[in-house]
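The structure under discussion appears below in the form of structure tokens.
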Amino acid sequence: DGCGHTVLGPESGTLASINYPWTSPNSTVCEWEIRVKPGQRVQLKFGDFDIDDSDSCHSSYLRVHNGIGPNRTEIGKYCGYGFQMDGLITSKSNEVTVQFMSGIHTSGRGFLAAYSTTDKSDLITCLDNASHFSEPEFNKYCPAGCVIPFADISGTIPHGYRDSSSLCMAGVHAGVVSDTLGGQINVVISKGIPYYEGSLANNVTSKVGPLSTSLFTFKTSGCYGTLGMESGVIPDSHITSSSILEWPNQTGQVNIWKPENARLKRTGPPWAAFISDEHQWLQIDLNKEKKITGIITTGSTLAEHYYYVSAYRILYSDDAQKWTVYREPGMGKDKIFQGNTELYQEVRNNFIPPIIARFFRINPLKWHQKIAMKVELLGCQFSLGRAPKITLPPPPQKKNDEKNVDFMDDFIHSVKTSLQTDKTTFTPEIKNTTVTPSVTKDVALAAVLVPVLVMVFTTLILILVCAWHWRNRKKKSEGTYDLPYWDRAGWWKGMKQFFPTKSSEQEETPVRYSSSEISHLRPREVPAMLQTESGEYAQPLVGGIVGTLHQRSTFKPEEGKESSYADLDPYNSPMQEVYHAYAEPLPVTGPEYATPIIVDMSSHPSTPLGAPSISTFKAAGNQAPPLVGMCNKLLSRTDSACSAQALYDIPKGQPGPGSADQLVYQVPQRGAHPTVSKDE
């Protein structure tokens with residue numbers, strides 16, 4: 001009567017004393033006989049050991065023996081509070097006996113241990129969690145029987161499990177290992193999350209958990225995609241049932257809860273059976289053989305109809321004629337899957353090993369009020385490939401033929417589930433899943449395409465970079481303010497006048513206009529003529545600078561003559577009937593580059609009223625009046641000998657000092673300077 005939690009699998013298992021992890025009762029005894037396959041040995045590992053040692057292991061102890069029966073030999077006898085046993089206890093044969101004795105004591109939790117065959121060198125117990133290991137990724141072997149009521153887990157797939165959760169119990173919840181068989185787990189440690197969800201899966205309830213520093217997930221084969229119930233890949237005609245619930249509502253309308261309503265997450269009513277008994281079923285045709293790794297179920301999802309299935313069996317077939325009930329390997333009875341505990345929650349169950357079949361049938365065994373459910377199947381495509389040659393061993397001698405048939409069914413099922421699989425149809429729902437074996441077929445193609453694409457993109461980038469550099473060099477060669485090449489010639493004609501071509505020390509002859517050319521104009525028309533009929537080669541006046549007034553002739557010099565700033569006045573030459581092509585002014589539409597600045601100096605305060613002006617036009621006759629003043633030479637813009645202020649006077653044709661018959665323009669007058677008289 002001293003046996004506690006016990007699961008003895010064919011390759012591994014878990015055993016614990018009665019009432020563990022609380023104090024074991026007095027005067028109890030339990031003995032476990034463990035057998036594995038012939039030729040293998042057994043290894044035993046303790047997850048917790050706390051047995052009273054007040055009498056030196058006389059009345060309370062744990063004893064391990066090689067073999068079973070009277071010929072067994074003792075390996076060791078153990079007791080002690082918080083006893084730490086490093087390493088494993090290994091047998092010499094495939095049989096081991098474990099004996100627990102509890103005498104009179106006041107404390108002591110007892111023990112919990114796990115066993116496996118010796119080829120599982122990375123065996124852990126059901127009490128180990130992720131915080132016990134420092135590696136970011138590791139492989140461990142979980143024994144059978146780790147769904148224990150005194151261990152907790154928090155989290156779910158694909159988000160992960162809290163680091164305080166039992167590794168093996170979380171592996172059962174995730175569908176990575178079976179509680180009745182155990183198995184290998186590949187654990188990946190990641191950064192924790194603030195909140196862990198809870199769910200029910202594989203008869204394990206995961207609780208809601210708070211923030212933790214780290215979490216863990218499992219690497220799997222990746223065969224956990226949905227097979228088409230929710231998405232509609234499976235057509236309505238492939239979903240059938242034993243019966244359909246039909247009933248009229250208060251308005252007299254008939255409600256039909258058809259089998260095609262049994263699609264997970266589909267709004268509206270579910271499928272419901274007309275009669276609620278153990279002979280009802282829901283059948284799904286997958287169109288071809290597929291690897292089925294799990295199922296998700298819910299209740300009616302209608303608050304006014306509190307219906308759900310709490311337990312069911314699974315049957316499968318290749319032809320919809322002969323059906324096989326799902327059993328776990330080594331188990332002599334049908335596996336009963338835990339269903340829903342209420343009508344909304346999604347409950348997942350995994351098949352380990354998976355089912356290979358085309359037709360899938362759910363047989364409800366327990367329900368609440370009525371049989372009603374929605375489902376989704378998990379799995380992937382199945383590729384038979386080259387099937388191995390099957391040699392059936394002779395069946396063991398049994399008393400009736402029915403047992404022989406059961407044996408054959410189990411053997412054929414185990415052979416079919418050992419075959420390789422193809423890739424999943426949908427994205428796996430388990431985090432950090434590994435790729436399926438068939439994905440490696442595309443690796444060679446990817447190895448060729450990836451370098452080609454990289455070279456193409458690199459070439460395009462180089463072409464763009466070269467084009468960009470060529471464009472920048474072209475812009476630099478044209479200048480920051482340069483015009484396009486088609487307008488460059490006209491631009492140069494106007495801009496070349498701004499460049500100094502003669503030293504500022506060389507005296508120029510001012511531009512003069514003959515009074516005979518302009519005597520027929522009224523005084524007000526003279527400035528307008530100068531503004532609107534400026535020559536093509538005229539240079540605009542700039543900001544009152546004295547040097548800009550002294551220009552070369554408006555007209556281009558004649559061919560063969562050397563042009564200079566001291567050219568003779570073209571207006572002194574006799575009038576010619578034929579003019580040069582460049583001597584015609586621009587149209588009257590306006591000056592092309594600039595307009596001369598005309599300043600009225602008659603009222604300027606800085607000029608004495610009695611001071612005569614120096615004309616830019618000569619009087620009648622051939623002799624030009626000399627230029628007098630303090631600054632009588634063309635000065636550069638940086639010359640500081642004279643004042644920077646340049647003034648212009650109005651034409652003297654208007655009333656004022658001077659002769660009325662002389663129509664002249666004043667040259668710029670510098671700032672304050674001595675009064676200058678005009679030479680006769």
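Glycine is treated like the rest: Cβ placed from N, Cα and C.
TrEMBL does not curate its annotations; it predicts them automatically.
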Recorded disulfide counterpart of Cys30 (TrEMBL; options Cys3, Cys57): Cys3
Largest tally of Cβ atoms lying within 10 Å of a Cβ, found at which of the disulfide-bonded residues Cys3, Cys30: Cys30
DSSP helix/strand/coil residue counts for the domain 'LCCL' (120-216): 11 helix, 38 strand, 48 coil
